[in-house]
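Engineer: I grabbed these lines from TrEMBL:
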- 6-27: transmembrane segment (TRANSMEM)
- 6-146: domain 'CSC1/OSCA1-like N-terminal transmembrane' (DOMAIN)
- 168-323: domain 'CSC1/OSCA1-like cytosolic' (DOMAIN)
- 212-272: coiled coil (COILED)
- 335-600: domain 'CSC1/OSCA1-like 7TM region' (DOMAIN)
- 336-360: transmembrane segment (TRANSMEM)
- 392-415: transmembrane segment (TRANSMEM)
- 427-447: transmembrane segment (TRANSMEM)
- 475-502: transmembrane segment (TRANSMEM)
- 514-537: transmembrane segment (TRANSMEM)
- 581-602: transmembrane segment (TRANSMEM)
Amino acid sequence: MDAEGLVASAAINLGLALVALSLFSLLKKQPGNAPVYRPRRMAAGGDGGAGLLPLGHGRLTPSFRWIGAAFRLSEEDVLRRHGLDALVVVRLFKFGIKCFTVCSVVGVLVLAPTNYTSEGRADIRRSNSMELFTVTNVTRGSDRLWEYKEITRRRIDHLKYHCKRPDQYIILVRGIPMCPDHGTYGCYVDHFFSKHYQTYQSYQIVHDIGNIEALQKLASSIDKQIKRKRETRKCNIWQRIWFKFTSEAITIHRQEEKLKDVQHAIRLLQCENMLKQKEVPVAFVAFKSRLDAAHAAEMQLLVNPLSLVTTYAPEPNDTIWKNLAIPFWRMAMYKLGVFVAAFLLIVFFTIPVTAVQGIVQFEKIKRWFPPARAVQLIPGLNSVVTGYLPSLILNGFIYLVPFAMLGMASFEGCIANSQKEIKACNMVFYFLLGNVFFLSILSGSLLDQLGESFTHPKDIPSRLASAVSAQSDFFITYILTNGMSGFSLEVLQFGLITWQFLKAHSLGHSKEPYLYGFPYYRVVPIVSLAILIGVVYAVVAPLLLPILLIYFLLGYAVYINQMEDVYEITYDTCGQYWPSIHHYIFLSVTLMQITMIGLFGLKSKPGASFGTIPLLVFNILFNEYCKVRFLPTFHHRPVQVAKQSDELDEAEGMTCDLDDAISAYKPPWMRPMNLESGSVQPLNV
């Protein structure tokens, strides 16, 4: 890619970002857009219009004060309002800001001038390529080549701070044997835990009710339709005409009758006799002591390890109820199916990546396919095609990957949404590492040498370094598009604001907020990939570093705003995302060091290559130390902390209402439904 292509990509992305951010700052000030831009505040009990200016006082002029407000928000405020998982994401962005601020200074002031002024390849200088600023321009033999503990502490403090969370007193028990005397699962649970644990309180058996959850969602949907149609009658004449036209097939009366039928079916499934027939060998067990709950969750209770399998209970709102009844043998089949589906997705993704790299290698396409030279007839089009189009296509496909991986993770039988999203997060990162990073390199410049790499394994670092250097300009445009365009469209919420506009002008204005959970599975792996690209290319292409700094600064401001106003924090795992983030950063540094070993070898500097090997060894040893020293704290709850919390509660005379705690673990289909339609009575269970 030449300099004109990079300039075209930067100009398009910068222009799109400025338009999107300006449009966002205008639309956010309008009260009618509160369901899109302030749903979290609306769901918390406000009207979503707090802080909005009256018409004529700045509501029609763009402003960027929200960016300054994002950087003024302290970590303690993030922890108090949104939990430790949200703080982990914030620290990920801060890590990128701090790391690439230092790297940018060194890269721009030292490495880039060093690479540019080197007496490198003449063909690069003649083509005005961006490789002038990369290590590729350095000649062979040139003398010019030469946070885990803190999050762990916060996790312990966070566990103490949330001392009354019900999941600290409750464990999940699976594989319960049938009671030989009474023929029920609940009886066995009660006998076993009352015999072996003095602080045992009670249990809540789990039922497999089948489609009752779908029936409840259907009832809620019908109720909302009835309410909306009644409100439409009071709207203006055009909306009344729309109502009359669309309600000819299904009237309000028919909807009410259908709702009553669905309610009756739900009542039949909720009756006591039906529940007894649908018991499964799974139960939530409550203890009066956190210490006993921790002991029971960590220990093997029976000689048969597949009976009375205990784990920590997820939060009630985090639980995936339908997966609790899945047997262990079926979960193994589900995991195999997910693996096959992920493999097929990887194979499919080679098509767009290869097509993207084909566009990047446009000079080769013109040699292979001469009619493609017609693109050069339009001034500037060649720069747009090679500079902006490849990264746009790749980011478009990548946007769909996290949703596909989340759908696959849903079939693995995870018992909690947090587990499902952490699984999806790991799947997305490794998918991006293999298909975006390595496949882009392979299809871009290493494909012709792949056979030689396998026949000569010792040359792999050198070939990897050569391929990485050749693809530096592509990854610069990728970061530009993913950062400037991606983050600005994220804060603009273009799809939702368009739907809100169409909905307001057809079905009437709706004040129901568009409230969704924070997308950890999408944010964490994509930002981690940006860190990997930055770490690997810090020495290879130093011009990428300032762009990455802008990437993290903009991303930090955007997602602080989204946490405050848009996304709902639906669960808090007390920092379970951090071990994954630490592993991603470790892989990034390891890959960079391997690349440097090969890079110094390419430049005929064997001393520098051998000098990098100890760094690689120390990096691996440090990662092993972190896994031994800090990782167990994230997989377990320390008994020491549980004991201290129990003693503190006893000294202060504080007790947890375990009846309320265990009742929180009743699935949604065992709770009353509160429907809003006046003519239909709510359920009484």
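For all residues, glycine too, the Cβ spot is worked out from N, Cα and C.
Buried or exposed, and what's around them? Tell me for each listed feature.
Structural biologist: For the domain 'CSC1/OSCA1-like 7TM region' (335-600), the model gives a mean pLDDT of 80.
Sequence-distant contacts of the transmembrane segment (336-360), counting only residues of its own chain at least 6 positions beyond either end whose CB sits under 8 Å from a CB of the stretch, comprise 1, 385-386, 389-391, 393-394, 397, 401, 404-405, 408-409, 411-412, 427, 431, 434-436, 439-440, 443-444, 473-474.
The list of residues near the transmembrane segment (392-415) in space but at least 6 beyond its ends in sequence, with Cβ under 8 angstroms from a Cβ of it, reads 172, 311, 314, 319-320, 323-324, 326, 330-331, 334-335, 337-338, 341-342, 345, 349, 352-353, 355-356, 359, 421, 423-424, 427-428, 431-432, 436, 440, 478, 481-482, 485-486, 519, 521-522, 525-526.
Sequence-distant neighbours of the transmembrane segment (475-502) (same chain, 6+ residues past either end, Cβ-Cβ under 8 Å): 1, 5-6, 9-10, 13-14, 16-18, 20-21, 23-24, 27, 32-33, 35-37, 130, 387-388, 390-392, 394-395, 398, 436, 440, 510, 514, 526, 530, 533-534, 537, 541, 543-544, 547-548, 550-551, 554-555, 558-559, 561-562, 566.
Residues of the same chain lying 6 or more positions beyond the ends of the transmembrane segment (514-537) and with a Cβ under 8 Å from any Cβ of it are 35-36, 39-40, 42-43, 82, 85-86, 89, 92-93, 95-96, 99-100, 103, 398, 402-403, 405-406, 417, 421-422, 424-426, 428-429, 432-433, 436-437, 468, 472, 475, 478-479, 482-483, 496, 500, 544-545, 548, 551-552, 555, 559, 562-563, 566-571, 577, 580-581, 584-585, 587-589, 591-592, 595.
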Engineer: Cβ under 8 Å to the transmembrane segment (6-27), counting only same-chain residues 6 or more beyond its ends: which ones?
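Structural biologist: Contacts of the transmembrane segment (6-27) (Cβ under 8 Å, skipping residues fewer than 6 from its ends): 33, 36-37, 59-64, 66, 130, 380, 383-384, 387-388, 391, 473, 476-477, 480-481, 483-485, 487-489, 491-494, 497, 554.
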